[in-house]
Amino acid sequence: MEGLQTILLLVVYVGLVLFAMRGGNLIFGFLVSALAWAIIGQMPYTAVVNDIIQKGAESYGPTAIVVIFGSWFGRMLVETGIAGSLIRRAVELGGDKALVTTILVSLVTTFIFTSTFGVGAVIAIGVIALPVLLSIGVPEKVAVPAFTMSIGAAMYINQVLFKQIIMFFPPNSVPFNGPYFTFGLTAMLVSLSVIVLMLIYNLSLKKTVKAWSAPAAPPNTAHVSAIAYIVPAVPVLMAVLFNWPPLPGMILAIFLTLVTTNKLLPWQNAQAMLLRGLKDGTADVALLLGMLFTLAMFGAAAGKVAGIFKAVLGPFIPTNPWTIAIAFGVVAPLGLFRGPLMAWGAGSATISILVGLNIFPPALLLPLVYVPTISMAISMCPTQSWNLWAISYSKVPVTQHLRSGVAWAWLCVLINCLLAVSFFGK
C-alpha cells in the first residue's frame, strides 16, 4: 500500500513541478496539491479541515507580518530619499568609470536589500540605478544581471526571506543570529565576489558602448545626512548584536528613516508618508502572501505524509552531505522557472520531502536548499517579479539575460553549497 501511495504522491509532485515551470498560478497549485496529498495519504476529513487548511495557513501569520513590515521599510527608504541618495553617492564616487561605478552600485544595492523586501522597493531603486549604468556604457545584458544578482546576494542575511524559508523546518531549529548568520554573511560575500568577477570579465576585457542618453547622475535624488546611510542595516544589526526579533528592528528602522532625514516633523506629513508607505508596501506583497498561505497548507500536508516517503525513498537518498551538496550545485538551473530547486515553486515539495525523510539536520539542509533558491532563482529567474520588471524595463531579451548571468549564478550555487557543508556538515 505504501508503495502505491508513494507513486501517487510522486505523480502529484511531478505535476506540481510541471505546473510551476509552465507558469501556473502557485496559489492554486499549492492548494490543489495539498488536498491531493491529503487524499492520497488517507487523512481524516477533520485533519484536512483543521490541521491542513486552517492551522496550515495560520502558521504563516507571524511570517506574513514580517513580510509586510519588510516591504513597508523598503518603501520608507525610497520615500525618504535614503535609497536614492545611496545610489547617487555610489555613482559620484565611480565617476565615468563603468567598471568602478557598476561595482559600487552593486555593493550599495546589496546593502539596501539586506533588510528591505518587496518588488516596489526594487522598482523604485532600479529606475534610478539602471539608467545610470546604461548611460555610462554598461551593456543591458550586464547591467540587469548585476542588479538582480546584487539583490539576491543580500537575501542571504535578509530576515524577511529567512522567516519564509524557516517555515519549512521545525520551530527554532535554525536561529537566524546563530551560526547561520556567519554562513549567510560569508555566502553574501561570495556572491558579491562572483558579481565583481562577472563585471571585470565583461567591462574590463570588452569595450563599453554608451547605450542610453540618460543623465549621468540619478534625477530627483537629494543627498541625505551620512548617518541615514546606516539605516538599511539597522534590523540586521539589532538581530545580531542584541538578539532582537525582526519586527522590533524594522519598526525602529522605519522610525529612523524619518528621524535621520529630518522628516519626522511636521507630524502630519510624516504620518501621511508612513501610511502611504504601508499601503504601497502591503500592495507590493499581497499576491506573495496569498501564495505563502497556500504553501503553508501544502507544507502541512507534506508533514502528514512524510512517513510514507521515508519508508519507501529513505534507502535511496544519499546520506553523505558532500554528495548532496555537489548534486544540488550541478543541477542548480533546476531552480529556474519555479522548478524543483526553487523553495517558493516546485521546490517546496522537494524541501518538504527532504525534511520529512530526516536524513540531514535542519542546520545543514536549510542552507543547502536556500542556496539555489537565492543564487539561481531569486537572482536570475525571469519568473521572479522584480527580475521580470528589470528585464522588461531594460528591454533585454530573456534569453540574453539568462545567457549572460546563469553561468555566474551557477558558480555562486556551487561555491555556496560546498560552503554550507564546510559550515554544517560535520
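Quick reminder: no glycine exception, Cβ is built from N, Cα and C everywhere.
What TrEMBL lists as transmembrane segment is 7-40 (among others).
Taking Cβ pairs closer than 8 Å, the transmembrane segment (60-78) reaches residues 84, 112, 115-118, 120-121, 124-125, 158-160, 163-164, 167, 231-232, 235, 246-247, 250-251, 253-254, 257-258, 273-274, 276-278, 280-282, 284-285, 288-289, 292-293, 295-296 in its own chain, all 6 or more past its ends. The transmembrane segment feature in TrEMBL is assigned to 60-78 (among others).
The feature transmembrane segment is assigned by TrEMBL to 98-115 (among others).
What TrEMBL lists as transmembrane segment is 121-139 (among others).
Beyond its flanks by at least six residues, the transmembrane segment (146-169) meets 59-60, 62-63, 66-67, 70-71, 102, 105-107, 109-117, 122, 126, 129-130, 133, 138, 176, 180-181, 184-185, 187-188, 191-192, 194-195, 198-199, 235-236, 239, 246, 249, 292, 296, 299, 343-344, 348, 351-352, 355, 362, 365-366, 369-370, 373-375, 378-380, 384, 386-387, 390, 405, 408-409, 412 of its own chain at Cβ-Cβ distances under 8 Å. Residues or ranges marked as transmembrane segment in TrEMBL: 146-169 (among others).
The annotation transmembrane segment is assigned in TrEMBL to 181-201 (among others).
Residues or ranges marked as transmembrane segment by TrEMBL: 222-241 (among others).
The transmembrane segment feature in TrEMBL is assigned to 247-265 (among others). Same-chain residues lying 6 or more positions outside the transmembrane segment (247-265) and placing a CB less than 8 Å from one of its CB atoms are 65-66, 69-70, 72-73, 76-77, 79-82, 115, 159, 224-225, 227-228, 231-232, 234-239, 273-274, 277.
Residues annotated as transmembrane segment in TrEMBL: 285-309 (among others).
Long-range Cβ contacts of the transmembrane segment (321-337) within its own chain (Cβ-Cβ under 8 Å, at least 6 residues beyond either end) map to 20-21, 23, 345, 347, 360, 364, 368-369, 371-373, 375-377, 380-383, 402, 406, 409-410, 413-414, 417-418, 420-421, 424-425. Residues or ranges marked as transmembrane segment by TrEMBL: 321-337 (among others).
Long-range contacts of the transmembrane segment (349-370) within the same chain: residues 13, 16-17, 33, 156, 165-166, 168-170, 173-174, 179-180, 183-184, 187, 298-299, 302-303, 305-307, 309-310, 313-314, 317, 319, 321, 324-325, 328, 340-341, 343, 416-417, 420-421, 423-425, each at least 6 residues beyond the stretch ends and with a Cβ under 8 Å from a Cβ of the stretch. The annotation transmembrane segment is assigned in TrEMBL to 349-370 (among others).
Feature annotation from TrEMBL assigns transmembrane segment to 407-425 (among others).
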Range from 7-40, 121-139, 181-201, 285-309, 407-425 with most C-beta pairs under 8 A to the transmembrane segment (98-115):
121-139
Winner by Cβ pairs under 8 Å against the transmembrane segment (285-309), considering only 7-40, 181-201, 222-241, 407-425:
7-40
For the transmembrane segment (181-201), name the stretch out of 7-40, 121-139, 407-425 with the most CB-CB pairs under 8 Å.
407-425
Contact set, same chain, for the transmembrane segment (7-40): CB under 8 Å, 6 or more residues outside the stretch:
47-48, 52-53, 56, 287, 290-291, 294-295, 297-298, 300-302, 304-305, 308-309, 337-340, 342, 344-346, 348-349, 353, 383
